[in-house]
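What Swiss-Prot says about this one:
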COMPBIAS  7-25  compositional bias 'Polar residues'
DOMAIN    49-117  domain 'BTB'
DOMAIN    152-254  domain 'BACK'
REPEAT    334-388  repeat 'Kelch 1'
REPEAT    389-439  repeat 'Kelch 2'
REPEAT    441-479  repeat 'Kelch 3'
Amino acid sequence: MAASADLSKSSPTPNGIPSSDTANDTMDPFHACSILKQLKTMYDEGQLTDIVVEVDHGKTFSCHRNVLAAISPYFRSMFTSGLTESTQKEVRIIGVEAESMDLVLNYAYTSRVILTEANVQALFTTASIFQIPSIQDQCAKYMISHLDPQNSIGVFIFADHYGHQELGDRSKEYIRKKFLCVTKEQEFLQLTKDQLISILDSDDLNVDREEHVYESIIRWFEHEQSEREVHLPEIFAKCIRFPLMEDTFIEKIPPQFAQAIVKSCGEPSNTSGCTQRLGMTASEMIICFDAAHKHSGKKQTVPCLDIVTGRVFKLCKPPNDLREVGILVSPDNDIYIAGGYRPSSSEVSIDHKAENDFWMYDHSTNRWLSKPSLLRARIGCKLVYCCGKMYAIGGRVYEGDGRNSLKSVECYDSRENCWMTVCAMPVAMEFHNAVEHKEKIYVLQGEFFLFYEPQKDYWGFLTPMTVPRIQGLAAVYKDSIYYIAGTCGNHQRVFTVEAYDIELNKWTRKKDFPCDQSINPYLKLVLFQNKLHLFVRATQVTVEEHIFRTSRKNSLYQYDDIADQWMKVYETPDRLWDLGRHFECAVAKLYPQCLQKVL
């Protein structure tokens, strides 16, 4: 019997080189991209195309069956079913626009798709017909990122029609968050009964009074009274929390609606126990950025002080532990931060790398949501909301020959979801202040006082303050810009108070803020409960048994513009946190149940 060959050993090949059974499976990472690129070239040049697709208005596209079948179950079924279309050289598709078909084909041959507000819904519809969920998801993501009070209802109705869960949920969340703005839009009146109920029957509705919910239902009803009257009892029963309404308001409800209320749930109950809406729990708080727990080294925290109740909460700290960010609370109570720097691991490093981060705070989840980055990295920029847009102004960077102040200004358009460069300031500024009043932006630093008109993209100069200083504090109060404290040219700290009458273009000296410089105070100016307040960090050094001990107190002072004086109205729990020299304060309405309670 012949001996069997030992297959485990390599045997010579015809060219004498031993072979091995060990497979060497390699992959060219550029192979797929190369094929896609060649297919696109053949599509553009009309080479080897084997099907013509005709869409609305007679527009035709010559393409490849295998490419269409690869991205779309719709086309794969059409070309492999054995029916008439599988052998035809030309197929006609009704209900697809030429632009949408062009975008789908561009995606098929390049994996890229260009979305705009004008094409996104038509493309979503086409992708739904062709069963291409990857395009639908990209369209949904685009629509989510472009939600605003004007389009959110339309997007929600659109998502409901096509059954896209994420788009429907996110648009509904937005509607609840911006409820009072959204209900003023005409599209709100187009909601079906079930869609209206799905929005209103929620604890997360951002209303401070239940009466707003009732009024929105009546407005919706009055748009089509004859068809919608039959639905009122069900809507009232599922959506109105009558125990949260004022008795005097209920007593004034017209008989027509009172009867519907009785049909829905009997007489409105005055008993307690009804869950409050999210907006009813909101409390105006002072937020301190660049603070640190005393027992956690230098790890940053963001305490939120509820002056009315004395409670202290903690906001989610900025991502990447960002410091010296620009901070803005918009008129819609959205909190934004931009720029800043990430702390160095080296204690001696002072030349921090500027960042271009841009984040928005999500109240309901207590987390920061990433937004499009600034065009220019910047530390200590000022954020201002004006004419429906946001502006990032000035700041500093550490580049090239060292520290440089910035002239540059950029503008964020929430509808376009992008930043764009606008006219730079005539002078570079850091440690400056920027405020808005009647569609103009005002920027102050030392001997410079500038104004900016967004409509004209123009900067101009105004009368400078009587005591020029930097690192001061500015806020608009009763049609005047108050500028408080700061550092003069000789590096001396002062607590001067000046008010600029915007209409008269005139500065007026006020009484200085009474402050003992021995306590090394650091001040922040905020508009809290519609009044000017100063948040003061004071440091006191004492000697006990030849040992120096440092203690800090944080106090709040309120300004009486009639008497032109400051009164201490609150002293914070000093054991909870420490504030760095560069701490910043902002005021916003926050929701206690969404925050971590500290005290």
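Just so you know, glycine gets a Cβ as well, placed from its N, Cα and C.
When pLDDT values are averaged over the repeat 'Kelch 2' (389-439), the model yields 94.
Counting residues per DSSP class in helix, strand and coil order gives 77 helix, 0 strand, 26 coil for the domain 'BACK' (152-254). Sorting the repeat 'Kelch 3' (441-479) by DSSP state (H, G, I as helix; E, B as strand; all else coil) yields 0 helix, 21 strand, 18 coil.
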